[in-house]
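Going by TrEMBL, these are the annotated features:
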{"type": "REGION", "residues": "1-74", "note": "region 'Disordered'"}
{"type": "COMPBIAS", "residues": "1-15", "note": "compositional bias 'Polar residues'"}
{"type": "COMPBIAS", "residues": "30-41", "note": "compositional bias 'Low complexity'"}
{"type": "DOMAIN", "residues": "105-151", "note": "domain 'F-box'"}
{"type": "REPEAT", "residues": "196-235", "note": "repeat 'WD'"}
{"type": "REPEAT", "residues": "236-275", "note": "repeat 'WD'"}
{"type": "REPEAT", "residues": "276-315", "note": "repeat 'WD'"}
{"type": "REPEAT", "residues": "316-355", "note": "repeat 'WD'"}
{"type": "REPEAT", "residues": "356-395", "note": "repeat 'WD'"}
{"type": "REPEAT", "residues": "396-435", "note": "repeat 'WD'"}
């Protein structure tokens, strides 16, 4: 794997009270042993100033008895008990009982399995792995599938999509291991890189999923690529000039072009359903939902179309510059313009609900998830806005040229710029996490990402589409 990322006293202890290795200690009572009478019996001080109970029952091994301290104790005991009465039914220890004498008791192994699992659930994963090495019973508990399932679920951003028929057979320890390794690669920028070549000119736009990548180019074509083989499997022609933008779902794809047209494609047959015309200049971005298609243009307007019939419903004309980007969610349109403003619109009424002002130069991109708006500008800054209040919550700086495209999820934000870099940010704090600087040799036009990949495209015929794969060699099929 290759990475193209530039990521941003001594102590003393008391020796244990154990006998030398050549001395065998046993709890036995020799028949010849004698002991003081009850008036003389008591506690005898052991070695090292430690008091404890003693017994006469000590026998050296068949090897040479070398412990002079123990031998001395035996001699003293023989002197003390000489000629005295003994009680053969009562014995005390002569030497401190070693910690390992007698049978070891596995506390955890003798607990009910459910209780042992509960105790282990408080351990971190690395400790659980160490517990597996202790003994068989601990190994069994530490491998418990439900235990690792709970560990996985403790990470809110670690989501999976597992078919119901496979739920019972899931190895959650394996899934945890794979997801943890994936997380570490995102933290360090360790990726495998691949390039797709096939377009004959700059690639302006793209979108991808687990099976395919779809790209639009200045060569007037839209290409479909197999994600696994990275080979082009379909080429669509329909636009007369550069394909500047596209969006798709399982049913349709909508593309916009410098030819001023919006084309609606059937994703199953790859045939044209509608060709929407009305813009006076190039179509710079598109968005759609179940009911509407929204397009924006260099002509400063936003057009709203009926998705089923293709009929024009409404034209929005409040921007004073090219509308470079548009988003649609929950009947709210968010637009970003070269006039430096972001506007929020009610799609049903066409009313402008709010205007966000904060960038000092024209905006190139915007994304909206219903709660946050993130924008990128020619002022080289990224701003994060509260969609409800319209307040700017955060400004991120780092790019040295126009911020051309930006995408985000619950935790991360990915931006790409004319400075040829792709940057990863912590969306919650604005902290820069990764900076990929050597992937592209020219302006980066578009970027998308999911839990395992970042895919981007750029200007020029060389190294046009870049795949940075964080999950290469990992089992990631259930991760979302």
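Quick reminder: no glycine exception, Cβ is built from N, Cα and C everywhere.
Sequence-remote contacts of a segment are chain residues at least 6 beyond its ends whose Cβ falls under 8 Å from one of its Cβ atoms, and for the repeat 'WD' (316-355) they are 281, 284-289, 292, 294-304, 361-370, 373, 375, 377, 385, 387, 390. With a cut-off of 8 Å between Cβ atoms, the residues of this chain six or more beyond the repeat 'WD' (356-395) that come close are 321-322, 324-327, 329-330, 332, 334-344, 401-408, 413, 415, 417, 425, 427, 430.
For the repeat 'WD' (196-235), residue counts in helix, strand and coil come to 0 helix, 23 strand, 17 coil, using DSSP.
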